[in-house]
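Trainee: Following this message is one structure expressed as structure tokens.
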Amino acid sequence: GNEIADSTVSLVKFIKPDPDAIFSSTCFGDTVSSDPAFSIPIKQESCKNTCSSALFKGSQSANPFPFMDGSYFAFMDDKDYYSLSGILGPPVSSFGDGFEGNGFSNQSLNVAIKQETEDSSFYPENNMPSSAIVGVNSCGQSFHYRIGAQGTISLSRPLNRDQSFQNLSSFPPMSSLVESWKTQSELAQNTLSSRRNDGFPVPGYIPENMSSTTLRSMSTGPSRPSKVCLVCGDEASGCHYGVVTCGSCKVFFKRAVEGKCSRQHSYLCAGRNDCIIDKIRRKNCPACRLQKCLQAGMNLGARKSKKLGKLKGVHEEHPQQPLQQTPTASPKEDTTLTSSSKEPSANSNSLVPLISAVSPAITLSAAVILENIEPEIVYAGYDNTQPDTAENLLSSLNQLAGKQMVQVVKWAKVIPGFRNLPLEDQITLIQYSWMCLSSFALSWRSYKHASSQFLYFAPDLIFNEERMRQSAMYDLCQGMQQISLEFSRLQLTFEEYTLMKVLLLLSTVPKDGLKCQAAFEEMRVNYIKELRKVLLKSPHNSGQSWQRYFQLTKLLDSMQDLVGDLLEFCFYTFRESQALKVEFPAMLVEIISDQLPKVESGIAKPLYFHRK
């Protein structure tokens, strides 16, 4: 009735009820219980049945990865900026009749995979083929950590817990928590009061038994934030030299680079080349300001690029190169069909003409596609003039997470096979995995750009030891850093990282199953096989691919434990956001409002590769 429609209005707006075509009956009949949040019947589109019987009769589409269709990459729309279903949109029509689950080549996986005994905490194996890889019984070193609020972590060095938060497993009362955060209270209060004009709501106190509909209704729909300069954080005037910047940084970069070419300027930093560059202090150190311009991607050759919407950031895989150096091609760039030193990403339209120029006879592998759709790094726009108090740091992290979630949804919708799932299943998987994806990407950035010594949330928001303690989540920060250190120890490759991230997207499901559980299981097994195939082809493994697979899947299981503690802390600050003065953007309000009651009621079920 009206109550169900109100509770799902922002997530399933594109779903049309049809009493004659109930979608859930096309999967396993009535054996799979539907999620109460999506209990309305789903209209089944003709020629778009992602769970048709053809999947189980062995028929496959001629081209399981239809990347020649331009609509497949048409994900740069801004419709409903803060809604998951608005970004995901209705199912695309370019996927054809069949599900692309069998599109992964498994020629090198003819040997049967040994499975672990069935257990309630493992990946469901009912009605699965014998080739389904759901875990391994293997010897070797275990990298399974119990991290964060509800346990301890084994680190190479002892942990010095923050004295104000020695036991996060039993959160302190609200009054004592507020008192411990009120260092420099007057300055922090003035800063926060001025920052509430940025369009992001501050939810009030939320009781334990409040429904997701009421949770979501407490937030107001904010206007989309304006563009900010990626160098100093001031209001941007346009896209200058390929990067969204203000007029001051535009003029500075032009004069600095042209003067450097003519040897009129030779900037030197009086400190350690790590000066803070913001709106107030941008003129203090020209050397660090120029360095930040180059790191943001400014280039004199891009002066003709005037479109404001094309924001250029720092890419995950390639470190920043000085402007005067000539980029050299690497083997990875040759195999990913790119023509420049920078890989295309989910925020770039450059991939569309590249894919269109490829001969239709060429079928790209899933691993290559994942490398090309990987999102770029998002800037936090952190105000370095404000004090590093817990409320300021956590509010900035929440706003950054809201921006990253928009990228995560756009990334998910172009993952091969994901759009073949019902819209409700897509939304459910994103809601259950958003924290896992964010922390996993954070560990990768910290590994690539900070040598795992700091937490690289954004180029303008990096957590050192002091900021970790100030954030009131020191133990959790240490846990995320430990994952990054494992990346460094294992020398994780970008190809492995992208495949593991997809598996994390597919690693938490409702206990009663998804709307189309069979399609989900087929997709997950295919990506596990793809990871195995990548490990077999890697020359660095030299016959030790199973040991490598064991280590990587152990690391994925460790992420589940870490994320459980991160969610507990996130839900706590969400409920106490008004008292703690922690801001949440509307995107996170929507996701957490729907996720919180499901997780706390035990509906969510993590899928592990190994016995706990």
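Quick reminder: no glycine exception, Cβ is built from N, Cα and C everywhere.
Keep in mind the model is a prediction, meaning the values are calculated, not measured.
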Trainee: Would you please say which range out of 69-93, 269-293, 544-568 has the annotation zinc finger in Swiss-Prot?
Mentor: 269-293
Trainee: Could you put numbers on the helix, strand and coil content of the DNA-binding region (229-298), residue by residue per DSSP?
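Mentor: Helix, strand, coil within the DNA-binding region (229-298): 26 helix, 7 strand, 37 coil.
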Trainee: At a 10 Å cut-off from the C-beta of Cys229 (Zn(2+) 1 binding site), count the other C-beta atoms across all protein chains.
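Mentor: Counting Cβ neighbours of Cys229 (Zn(2+) 1 binding site) within 10 Å gives 26.
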Trainee: Highest CB neighbour count within 10 A among the binding-site residues Cys232, Cys249, Cys269, Cys275, Cys285?
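Mentor: Its Cβ has the most other Cβ atoms within 10 Å: Cys249.
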Trainee: Nearest to Asn398 (aldosterone binding site) in three-dimensional space, by Cα, is which of the binding-site residues Cys229, Cys246, Cys249, Cys285, Cys288?
Mentor: Cys229
Trainee: Closest to Cys229 (Zn(2+) 1 binding site): which of the binding-site residues Cys269, Cys285, Thr573, going by Cα position?
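Mentor: Checking each of Cys269, Cys285, Thr573 against Cys229 (Zn(2+) 1 binding site), the shortest Cα distance is to Cys285.
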Trainee: Within 8 Å of the Cβ centre of Cys229, Cys232, Cys246, Cys249, which other residues of the chain have their Cβ, at the recorded Zn(2+) 1 site?
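Mentor: Nearby residues not in the site list: Leu230, Val231, Gly233, Asp234, Ala236, Thr245, Gly247, Ser248, Lys250, Lys279, Arg282.
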Trainee: List, in sequence order, the residues of the same chain other than Cys269, Cys275, Cys285, Cys288 whose Cβ lies within 8 Å of the centroid of the Cβ atoms of the recorded Zn(2+) 2 site.
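Mentor: The answer, listed by sequence position, is Ala270, Gly271, Asn273, Asp274, Ile277, Asn284, Pro286, Ala287, Arg289, Gln291.
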